[in-house]
Amino acid sequence: MYNLKDMTLEEMEEFFVNLGESKFRAKQLYKWIYDKRVTDFDLMTDISKNLRAKLKEIAYISELKIIERRVSQIDDTVKYLFLLEDKNIIEGVAIKYKFGNTACVSTQVGCNMKCKFCASAIGGKVRDLKASEMVDQVMAIDSDYGKISNIVLMGSGEPFDNYDEVMKFIKIVNNPYGLKIGKRHITISTVGIVPKIYQFADEELQVNLSISLHAPNNELRNELMPINRAYPLEELMKACRYYIEKTNRRITFEYALIDGVNDKKEHAYQLVDLLKGMLCHVNLIPINYVKEIGFRKSNNEKVMMFKKIIENAGITCTVRRELGSDIEAACGQLRRKYLKEG
C-alpha cells in the first residue's frame, strides 16, 4: 500500500499518470490531505467514484496517534508521544513564541550520535523516520496545539543521518499545495556530519542551519560528541564557512552549558577564536537534567559571563529560555521514561 503522505507533489503526479489519470489529480489530493485534512477517500467528492475505489485498493493516508500529551505549567510548552504504525514511539514538542507556534520534530526513532548529554542517545537508533512520519508530527501538533508557523528539526535523531527523507519532508511541508510553511521558517539542526553540510549548501535552499557545537576544542568535543572523532572542528568549521559563502545565510551554533564541563572562561574565549569572522549567531542552552547522565546546567552567573565574553567579541548571542522543564521536554526524556515504565 502506498502512503500518499510519502509523496512530493511531483511524485504524486507521476503516481497518477502511471494509473492512467491526469497529473492534476495530485493537486486535488494535496488539497484534500493538507488543506482539508481529509484521510477518507470516500469524502473526496470532486474525485470520481472509480478512482476513489482504485485508491482504496492501493493507497492510504496516514495519521499519527497521540498516546501522551503533557502541558507545561510554566510556559505552555506541550510534549507529545506519538505511536507509529510499527508500534515504535517518537516525541514531538509544541512551543509558543511571540512570532508564532513552533513544532519541534523528530527525524529518527532514537539516535546513533551518542552525544554524552542527550537522552535520545541512550539505547541508540532504532530506525529512520519516513517523510510522512515527520509530516504527520507537524499535522498532529497543528491540529492539537494551534496553527504551526515554524518547524525545527531538533527532536530525537540526527537529520543529516536521514538526509533524503528530511529533504523530501521539506519539499512536502513547503509546497504551496502542501502545508505552505516557508523555507525560512524551517530549521535543521545537525551535530556536524561534514559531507552532508556541503551537500546541503549545494541544495541552495533558504532553510536555516543550526550546528550542535557544545565544545570549543577537539579534546572536549571528542569526549562529549563522538562524531567529532570522524569530523574534527577544523573540518566542521571549513564546511560551515563553505555553507555561508554558498548561501549567504547565517549559521546558529548551539552550545549547551554543562556545569564544570564546558562553561569556563577559557572555553568562552576558545569559542570566540573558533567562530571569529563568521556570519553566525550563538545560542546558549541551559542543559536539561537527565537522571541517567548526571550532567547539570551551569548557574546563571556562569551563563551571563559566557554570554558577555561572546558579545564583547562582536558575535551575537542569546540564551535560550528553558522550555518545558517540568514535563521532560528535552530530546528523548519522555520517550525513555514511557518505555521504562512499559
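Note that the numbers count up from 1, one per residue, in the order the chain is shown.
Glycine too: its Cβ is placed from the backbone N, Cα and C atoms.
Summarising the annotation, Swiss-Prot assigns active site, proton acceptor to Glu91. When secondary structure is read from DSSP and collapsed to three states, Glu91 (active site, proton acceptor) falls in the strand class.
According to Swiss-Prot, the feature domain 'Radical SAM core' maps to 97-326, an assignment based on sequence analysis.
Positions annotated as disulfide bond by Swiss-Prot, on the basis of sequence analysis: Cys104-Cys331. Of all Cβ atoms in the shown protein chains, 27 besides its own fall within 10 Å of the Cβ of Cys104 (disulfide bond).
Here Swiss-Prot flags Cys111, Cys115, Cys118 as [4Fe-4S] cluster binding site. Remark: Cys115 ([4Fe-4S] cluster binding site) has Ala121, Val191, Ser212, His214, Leu224, Met225, Pro226, Ile227 as non-local neighbours, by Cβ distance under 8 Å and separation of at least 6 in sequence. According to DSSP, Cys115 ([4Fe-4S] cluster binding site) is assigned to coil rather than to any helix or strand.
According to Swiss-Prot, the S-adenosyl-L-methionine binding site annotation covers Gly157, Glu158, Ser189, Ser212, Leu213, His214, Asn288, on the basis of sequence analysis. According to DSSP, Asn288 (S-adenosyl-L-methionine binding site) sits in a coil region rather than a helix or strand.
Residues or ranges marked as active site, S-methylcysteine intermediate in Swiss-Prot (evidence: sequence analysis): Cys331.
In terms of Cα distance, the recorded positions that sit within 10 Å of Glu91 (active site, proton acceptor) are Cys104, chosen from Cys104, Cys118, Ser189, Asn288. Here Leu213 (S-adenosyl-L-methionine binding site) comes close to Gly192, Arg221, Phe253, Glu254, Tyr255, Leu271: these same-chain residues lie at least six apart in sequence, with C-beta atoms under 8 angstroms from its C-beta. Counting in whole angstrom, Gly157 (S-adenosyl-L-methionine binding site) lies 4 from Cys111 ([4Fe-4S] cluster binding site) by their C-alpha atoms. Take the CB of Ser212 (S-adenosyl-L-methionine binding site) and look out to 10 A: across all protein chains shown you find 21 other CB atoms. Ser189 (S-adenosyl-L-methionine binding site) is surrounded by 20 other CB atoms, counting those within 10 A of its CB over all protein chains shown.
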